[in-house]
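Asks: I have a structure here, written as structure tokens, and I will follow up with some questions on it.
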Protein chains: 2
Amino acid sequence: MVATTPTTTVPKKLETLEQYKEFLDKFDTFLLDCDGVLWHGSTLIDGIKDTLDYLRSQGKNLVFVTNNSTKSRSSYVKKFNSLGIDASEKDIFSSAFATAVYLRNILNFPADKKVYVVGESGITDELKAVGIETTGASADNGKHLEHTDLGTFEQDDQIGAVVCGFDINVSYYKYAKAYKYLTKEDVHFILTNNDATFPTPNGFLPGTGSLVQPLINALDRQPLVMGKPNQPMLDCFFSNYHTDPARTCMVGDRLDTDIDFGLQGGITTLMVQTGVSSEAQAMDPNQPIKPTYIIKSFGEFIKTRQ
Amino acid sequence: MVATTPTTTVPKKLETLEQYKEFLDKFDTFLLDCDGVLWHGSTLIDGIKDTLDYLRSQGKNLVFVTNNSTKSRSSYVKKFNSLGIDASEKDIFSSAFATAVYLRNILNFPADKKVYVVGESGITDELKAVGIETTGASADNGKHLEHTDLGTFEQDDQIGAVVCGFDINVSYYKYAKAYKYLTKEDVHFILTNNDATFPTPNGFLPGTGSLVQPLINALDRQPLVMGKPNQPMLDCFFSNYHTDPARTCMVGDRLDTDIDFGLQGGITTLMVQTGVSSEAQAMDPNQPIKPTYIIKSFGEFIKTRQ
């Protein structure tokens with residue numbers, strides 16, 4: 001949807017105050033990945049709070065982007081506030097909210113249809129907020145099939161889409177229902193994000209992109225994937241926020257998700273070195289995914305306040 | 001393990017009494033697929049009971065082969081008896097029993113190690129019968145993780161293998177545990193069968209090969225697949241029954257599972273036309289999987305009783 005060609009040249013390093021100011025002048029809106037950019041787990045990265053406050057005082061629009069679909073934007077606001085960062089719902093763009101925007105603005109989801117959700121309250125709350133009725137999710141937690149029930153469980157004829165996100169209460173009951181709905185070709189199949197695993201305090205565990213695999217394998221059908229690095233999330237962003245793509249910059253710590261997300265959408269990207277990817281990786285001539293700019297930390301921009 | 005080259009020539013049609021007798025004289029052991037060969041659902045195919053009785057009276061060894069891992073052999077005996085077919089445990093070769101044989105005879109699974117099972121009692125009963133201790137399966141039914149538990153759930157250091165089969169009580173708790181065990185490279189990863197879906201009275205539903213996908217996707221690791229058409233099941237068969245491969249014939253109704261299973265293992269195959277695949281498919285010059293012989297029904301052999 002954006003005409004600019006992704007950069008394949010060497011990333012520009014931002015190192016001096018003058019370079020910081022010149023960079024900031026180019027953009028009105030920053031899309032900010034959270035973990036590795038703003039915080040590590042529950043610890044804010046140095047200088048972040050002051051930087052965010054200062055950029056806002058300069059009229060910059062800051063939008064926090066997350067693939068996590070388990071929380072609604074209002075729940076995220078609480079997480080931001082608990083870390084001392086001001087945020088309201090309009091500042092948060094999650095894969096669950098993007099899914100709601102997609103169904104409402106892009107698919108024009110019919111008013112007489114419902115969505116079956118394999119996922120958590122982040123999805124059902126956001127769909128409800130745009131006026132879309134849901135079934136499944138927590139309403140199906142604890143429901144169980146016996147082998148003798150397999151041919152007889154009830155189905156809802158009004159289902160027009162199945163949305164899958166992370167669901168810690170996933171079950172054969174939910175898989176079987178979702179599968180049956182999705183055997184109808186006109187039922188949309190949407191995945192909030194495709195992350196194979198996600199980090200926990202005790203290492204990685206299977207993520208949304210893994211939990212959906214039984215459906216993909218049984219149906220031999222691929223879902224539309226919403227979250228980073230896939231483009232529907234960016235399409236939904238511009239459909240909802242109407243910012244100028246040429247003055248919008250994606251900021252992230254991972255080349256394969258955040259930076260690829262911005263590059264594929266043809267917007268400028270800034271890689272910070274406070275998370276997963278390193279300067280050496282970004283500068284590697286064999287690295288196909290290169291950010292437009294790199295900087296040590298997003299917190300560096302506080303230095304432009306004088 | 002068997003030297004014969006799979007046939008690629010035109011299948012021989014068995015149509016006359018003389019052809020039936022000549023065929024039967026070549027074999028001592030018949031491996032029989034069940035659904036589509038012996039019965040449809042819970043209805044026996046014409047002539048089957050009398051044929052099985054007669055072939056046994058002639059000294060033939062009949063072994064029933066199934067990919068279904070949810071029932072133990074003793075439970076299968078009850079199903080056979082309820083349909084009027086004589087059977088004892090030694091006559092039944094299921095993917096769950098094959099898995100037990102594999103762990104015991106082929107892997108020499110250590111006595112101080114246990115198996116974590118995502119599956120049902122068919123697996124745990126068969127492993128117990130060969131002296132292998134299990135955890136998981138029904139013992140983990142109903143167990144649940146909260147988001148706050150994800151880094152802290154208990155693990156068992158004695159796990160030496162994870163066996164996955166169909167589990168109608170599959171859960172995030174089971175996936176997370178199995179994933180953690182399988183991140184250790186020396187923990188074996190075994191799948192009873194790879195069927196993407198299975199038939200129910202109300203159409204297909206996701207099967208074992210689909211339910212295991214979250215682990216495969218999150219681990220980027222492939223399991224050893226036991227069941228038809230994969231060869232470990234046939235290796236385990238010969239490891240357990242010690243029949244002469246040259247005088248053993250695989251009988252089935254599906255080219256892509258039963259016949260491929262026999263062909264890959266280098267044994268003779270007989271396709272019956274009472275199930276999924278047709279004579280036209282078997283005779284198609286573009287069909288890469290061709291049985292050695294085809295016959296209308298396994299029940300035809302009753303005509304050799306005079």
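Every residue, even glycine, has its Cβ placed from backbone N, Cα and C.
In case it helps, TrEMBL gives these features for our protein:
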- A:Asp33, A:Asp35, A:Asp253: Mg(2+) binding site (BINDING)
- A:Asp33: active site, nucleophile (ACT_SITE)
- A:Asp35: active site, proton donor (ACT_SITE)
- A:Lys228: substrate binding site (BINDING)
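Show me how these features fit into the shown structure, please.
Replies: Secondary structure at A:Asp253 (Mg(2+) binding site), taken from DSSP and collapsed to helix, strand or coil, is coil. For A:Asp253 (Mg(2+) binding site), the Cβ neighbour count at a 10 Å cut-off comes to 24, with all displayed protein chains included.
For A:Asp33 (Mg(2+) binding site), the number of other Cβ atoms no farther than 10 Å from its own Cβ, over all displayed protein chains, is 25.
Secondary structure at A:Asp35 (Mg(2+) binding site), taken from DSSP and collapsed to helix, strand or coil, is strand.
If you take the C-beta of A:Lys228 (substrate binding site) and look for same-chain residues 6 or more apart in sequence within under 8 angstroms, you find A:Asp33, A:Val65, A:Asn67, A:Asn193, A:Thr257, A:Asp258, A:Asp260, A:Phe261.
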Asks: Quick one: which residues besides A:Asp33, A:Asp35, A:Asp253 have a Cβ within 8 Å of the Mg(2+) site's Cβ centroid, in sequence order?
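Replies: The answer, listed by sequence position, is A:Cys34, A:Gly36, A:Val37, A:Leu38, A:Gly252, A:Arg254, A:Asp258, A:Val272, A:Gly275, A:Val276.
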Asks: Output, ordered by sequence, the same-chain residues six or more apart from A:Asp35 (Mg(2+) binding site) with a CB under 8 Å from its CB, or 'none'.
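Replies: Those within reach of A:Asp35 (Mg(2+) binding site), by Cβ under 8 Å and sequence separation of 6 or more, are A:Gly41, A:Asp253, A:Gly275.
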